[in-house]
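Engineer: Below you'll find the structure I mean.
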Amino acid sequence: MRWPGNMERIVICLMVIFSGTVAHKSSSQGQDRLFIRLRQLIDIVDQLKNYVNDLDPEFLPAPEDVKRHCERSAFSCFQKVQLKSANNGDNEKIINILTKQLKRKLPATNTGRRQKHEVTCPSCDSYEKKPPKEYLERLKSLIQKMIHQHLS
């Protein structure tokens, strides 16, 4: 029996397995960043819902039933809206912080870069305007749809 030869094979096999694991992790890192960002957005929307009575009751464009491949376009419509506080005070500061967090860009994905056919998505102005409560519900629904598509 020759142990050193077997030991070399074991070490080589372990190195191959380890390098494959590292390569897989680095290739999926961008996708993980998107998933994490979408989960953060759900939390931000839930926090904003706590202040819905403090928001300016102005009607806002709120995409609904967004076509496939138009999710990011619809999300950017949500981001363009300026949620405003109806009164001054501590809640106004919190609302401003949360809306700034909503406006941060989503991480890029490989699927977005690979998409060659350009889908015609509706303009932001074409969406029905809704009060802040429904605006936030529709935003959360869109983010949940994006998470579901990301995981499938």
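Cβ coordinates come from backbone N, Cα and C, glycine included.
Pasting the feature list from Swiss-Prot:
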DISULFID  C70-C121  disulfide bond
DISULFID  C77-C124  disulfide bond
SIGNAL    1-23  signal peptide
Engineer: Highest CB neighbour count within 10 A among the disulfide-bonded residues C70, C77, C121, C124?
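Structural biologist: In terms of Cβ crowding, the pick is C77.
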Engineer: How long is the line from the C-alpha of C121 (disulfide bond) to the C-alpha of C77 (disulfide bond), rounded to the nearest angstrom?
Structural biologist: 11
Engineer: Whole-number Å only: compute the distance from the Cα of C70 (disulfide bond) to the Cα of C77 (disulfide bond).
Structural biologist: 11
